[in-house]
Amino acid sequence: MRHPLVMGNWKLNGSKQITKELIEGLRKELSGVDGCGVAIAPPAIYLDLAKHAISGSHIALGAQNVDVNLSGAFTGETSADMLKDVGAKYIIIGHSERRTYHKESDEFIAKKFAVVKEAGLVPVLCIGETDAENEAGKTEEVCARQIDAVLETQGAAAFEGAVIAYEPVWAIGTGKSATPAQAQAVHKFIRDHIAKKDAAIAQQVIIQYGGSVNDKNAAELFTQPDIDGALVGGASLKADAFAVIVKAAAAAKNA
Ligand SMILES: O=C[C@H](O)COP(=O)(O)O
């Protein structure tokens, strides 16, 4: 039985003060909420502060990126072991903003996937098509290619305990979420694609939806059978809105 996971990706937002206040707000709003995994991914520089602030709660810590190297002359990078050392569990890789602004390839992201798994952490592999690819009817082709980069190098077993976030690029930060039916169709395609290699692995993999998820549209998205929570950007910066999303996922799970 899969549990949903709602994860907040703070992106390049926050400060020491905001980190403390946002987590304090989340702890209050989420007290007693059960049935849904919750994680936050603040900027790397605030991970240690966040780890202390979530202490004793059921909020897990995530990171927004990782390097493929574990140590050495790689100025400005952060390794999987370092993320583990500060208490991060869920590591976002392949986010479209990194694919676009940092030119990260499918192969490079697959290497990150392997490094994260090797460290005993949980990769949150972001995949999804651009607006142009969507218009051209290439959604499934793009998602398959992005998953295959891992499947073909590490096998289906690599997805055991892993998380996939389907984030159509056209829905990210635009206020234009995919409809529940649109998202469900792609999530089912992703699960079926992995099932061709290993049905049991496909059944347990968490597939989050991401892209303009908010406190208004979350509940309906979570009614879909293959949508297992969400990767939330903008709405994760407000404790009350993020808590509504978490509660919606928990309610859908318990329904
Ligand atoms: O990682 C989160 C996604 O990029 C979604 O961002 P958004 O909720 O602001 O659209």
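Using the three backbone atoms N, Cα and C, a Cβ is placed for every residue, glycine included.
Just one of Gly56, Gly161, Gly173 is listed by TrEMBL for the same substrate site as Asn9, Trp10, Lys11, Ser212, Gly233, Gly234, and that one is Gly173. The local packing around Asn9 (substrate binding site), expressed as other Cβ atoms within 10 Å of its Cβ over all shown chains, amounts to 26. Checked against Glu167 (active site, proton acceptor), the recorded positions Asn9, His95, Gly233 differ in C-alpha distance, with His95 being the nearest.
For Gly234 (substrate binding site), the same-chain residues 6+ apart in sequence whose C-beta sits under 8 angstroms from its C-beta are Gly173, Ser212, Asn214. Between the CA atoms of Asn9 (substrate binding site) and His95 (active site, electrophile) there is a gap of 10 Å.
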